[in-house]
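In Swiss-Prot this protein carries:
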type: TRANSMEM; residues: 33-53; note: transmembrane segment
type: TRANSMEM; residues: 77-98; note: transmembrane segment
type: BINDING; residues: HIS83, HIS182; note: heme b b562 binding site
type: BINDING; residues: HIS97, HIS196; note: heme b b566 binding site
type: TRANSMEM; residues: 113-133; note: transmembrane segment
type: TRANSMEM; residues: 178-198; note: transmembrane segment
type: BINDING; residues: HIS201; note: ubiquinone binding site
type: TRANSMEM; residues: 226-246; note: transmembrane segment
type: TRANSMEM; residues: 288-308; note: transmembrane segment
type: TRANSMEM; residues: 320-340; note: transmembrane segment
type: TRANSMEM; residues: 347-367; note: transmembrane segment
Amino acid sequence: MTNIRKTHPLMKIINSSFIDLPTPSNISAWWNFGSLLGICLILQILTGLFLAMHYTSDTTTAFSSVTHICRDVNYGWIIRYLHANGASMFFICLYMHVGRGLYYGSYTFTETWNIGIILLFTVMATAFMGYVLPWGQMSFWGATVITNLLSAIPYIGTDLVQWIWGGFSVDKATLTRFFAFHFILPFVVLALAAVHLLFLHETGSNNPSGITSDSDKIPFHPYYTIKDILGALLLILVLTLLVLFSPDLLGDPDNYIPANPLSTPPHIKPEWYFLFAYAILRSIPNKLGGVLALVLSILILAIMPLLHTSKQRGMMFRPISQCLFWLLVADLLTLTWIGGQPVEHPYITIGQLASILYFMILLVLMPIASIIENNILKW
């Protein structure tokens, strides 16, 4: 009798994706982040669903409803903080996943890579709208500042902003629609993630060496299921420590002040995971230029396959490119730090230099380094 998992229409899909999937035998812990992102997404959808049962998307009651969740709902505080810090874990995993893709040349799977970029944009949009929902000071002013960036678009900008706001300022209509979008987008992300996997399984996984692994594959279960479970346990451990010991570590204290359109906070800044992009936006003294730089800071990933000049796929055996990659990581950490600082000397200059370096590394230095490495190896 044939095994049900190989014959049943539904089980067959699960089997070919998570059980009998032929996987390279040498993939490292950097390949764990895909499954961790899946866990983060499920966690966010579940905690978000329970929060939505008690949340009200009205400007007069939104802040109070979040307070009510934390004070009066059974385990409401833990659900709220799991959701808030779960977003931070989500982005840590996302950035490491993208970094892995850059380091090991996974962007040569162009379909998978492009769906990944769309996923990144969608998750960022979802997180931004979620940050507006508690209706604290940073929620309100963050929404005002970021949506206002669209007014930099020539000719249609102002109309576009007012259309998104549903009025002449961020108000009740804005909050209601942001809640609607924040609820629906994670399911869009779920569908896109399925497409992401579909494209990945067309080609099979990349591996640290960057060479084809067709001759050396092992089944996903039990080898990588056990490895993924270890990764998941570590993720849950870090998240639990964060939620139970310092739930507000990554948040902004200003968001505990109810939104007040008449009082601007001294430093408007987004959540920590957007600070690098915010620093790039602020480093350009022109509104439209800043918005373009902001979009390009992520969209630049789409041209990575075109900028790949090396004869090797990954960076495992390319020391010059490795140095540049880690310089890029340091640069992004610098931008993250600058994004949280006030707009004054010396932060302005540091931010501008870090922004220039970011684009320089990706567009100029890495392709040149690859050519140099090819020549050293006489390839």
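Backbone N, Cα and C define each Cβ position, glycine as well.
For HIS182 (heme b b562 binding site), the count of additional Cβ atoms within 10 Å of its Cβ stands at 21 [all protein chains shown]. Proximity of distant same-chain residues to the transmembrane segment (320-340), defined by a Cβ-Cβ separation under 8 Å and at least 6 residues beyond the stretch ends, is recorded for 99, 102-103, 269-270, 272, 274-280, 282, 310, 347, 350-351, 354-355, 357-358, 361-362, 365-366, 369-370, 372-373. Here the candidates are the binding-site residues HIS83, HIS182, HIS201, and by Cα distance the one nearest HIS97 (heme b b566 binding site) turns out to be HIS201.
Through the fold, the transmembrane segment (77-98) approaches residues 30, 33-34, 36-37, 40-41, 43-44, 47-48, 50-51, 66, 69-71, 116, 120, 123, 127, 130, 235, 238-239, 242-243, 247, 250-251, 271-273, 301 of its own chain, all at least 6 residues removed from its boundaries and within a Cβ separation under 8 Å. With a threshold of 8 Å between CB atoms, the same-chain residues lying at least 6 positions outside the transmembrane segment (113-133) that come near it are 48, 55, 57, 62, 66, 87, 90-91, 94, 98, 101, 106-107, 139-140, 142-143, 146, 174-175, 178-179, 181-182, 185-186, 188-189, 192-193, 195-196, 199, 270-271, 273-274, 298-299, 301-302, 304-305. Taking Cβ pairs closer than 8 Å, the transmembrane segment (33-53) reaches residues 69, 79-80, 82-83, 86-87, 89-90, 93-94, 96-97, 100, 130, 182-183, 186-187, 189-190, 193, 228, 231-232, 235 in its own chain, all 6 or more past its ends. All chains included, 21 other C-beta atoms sit within 10 angstroms of the C-beta of HIS83 (heme b b562 binding site).
Residue pair HIS83 (heme b b562 binding site) / HIS201 (ubiquinone binding site) shows a Cα separation of 30 Å. Counting residues 6+ beyond its ends, the transmembrane segment (226-246) has Cβ neighbours under 8 Å at 29, 32-33, 35-36, 39-40, 78, 81-82, 85-86, 88-89, 93 in the same chain. Around HIS196 (heme b b566 binding site), the C-beta neighbours below 8 angstroms that are at least 6 residues distant in the chain are THR112, ILE115, GLY116, LEU119. HIS182 (heme b b562 binding site) and HIS201 (ubiquinone binding site) have their C-alpha atoms 29 Å apart, to the nearest angstrom. Among residues of the same chain six or more beyond the transmembrane segment (288-308), those with a C-beta under 8 A of the stretch's C-beta atoms are 98, 102, 105, 107-108, 110, 113-114, 117, 120-121, 124, 149-150, 152-154, 276-278, 280-282, 355, 358-359, 362-363, 366-367, 370.
Look at the binding-site residues HIS97, HIS201 and count other Cβ atoms within 10 Å of each Cβ; HIS201 has the fewest.
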